[in-house]
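Swiss-Prot annotations:
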- 6-247: domain 'ABC transporter' (DOMAIN)
- 38, 39, 40, 41, 42, 43, 44, 45: ATP binding site (BINDING)
């Protein structure tokens, strides 16, 4: 197996005195989709947010262990968190377009990072919208408000906005749970296409979705990572009975 993109060693995470993650060890492979599954409150979203330090924004949290991105500990004191979040971006559960035009949503990140050339920005906007399978639907109305898009289009816009800053890793926290079935299918097709260029980690409550879109699956329960393997093995021949019980609907 190739060198992992992200390596997690003995990760523990605390909200105050509450230990939300317990000795998590995991290797996330590059150019693959890794799904995180488990019942509500199991720690999967907390774990996802440790991967680009979004939990830093919460008072009273602390962490032990290490998370290595291409061999570098992202919690080392010298790490630039803004630069980290450019490399490891997040797509949230509900679409959150900025109250500005479609064009300006996509150009927002590149402008922050110093790109001012109109020609360069035009190219980034077009490439990003094409990568997010949205260009054909919005090419004629780039100056219109992004808030006028449908929910599914808004979520693909948010993915395009993330791709515009050229991340290496894309984190997705239930990216289609607020969408209708047709929009969900488009997001799943997009995830499949994006893994050629990006490493993707997705939290989902939808077991069928995890089985459809992911190459690897990690099952979390009560803050522990119970089992991690290729998705086909997790869903057909899990080693741990707790995994089998969850997947077959005996609890969750």
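Using the three backbone atoms N, Cα and C, a Cβ is placed for every residue, glycine included.
In the predicted structure, the domain 'ABC transporter' (6-247) carries a mean pLDDT of 96.
Other than 38, 39, 40, 41, 42, 43, 44, 45, the residues of this chain whose Cβ falls within 8 Å of the Cβ centroid of the ATP site are, in sequence order, 220, 221. Comparing Cβ neighbour counts within 10 Å across the binding-site residues 38, 39, 40, 42, 43, the minimum falls on 40. In this structure, residue 41 (ATP binding site) belongs to neither helix nor strand by DSSP; it is coil.
Around residue 45 (ATP binding site), the C-beta neighbours below 8 angstroms that are at least 6 residues distant in the chain are 173, 203.
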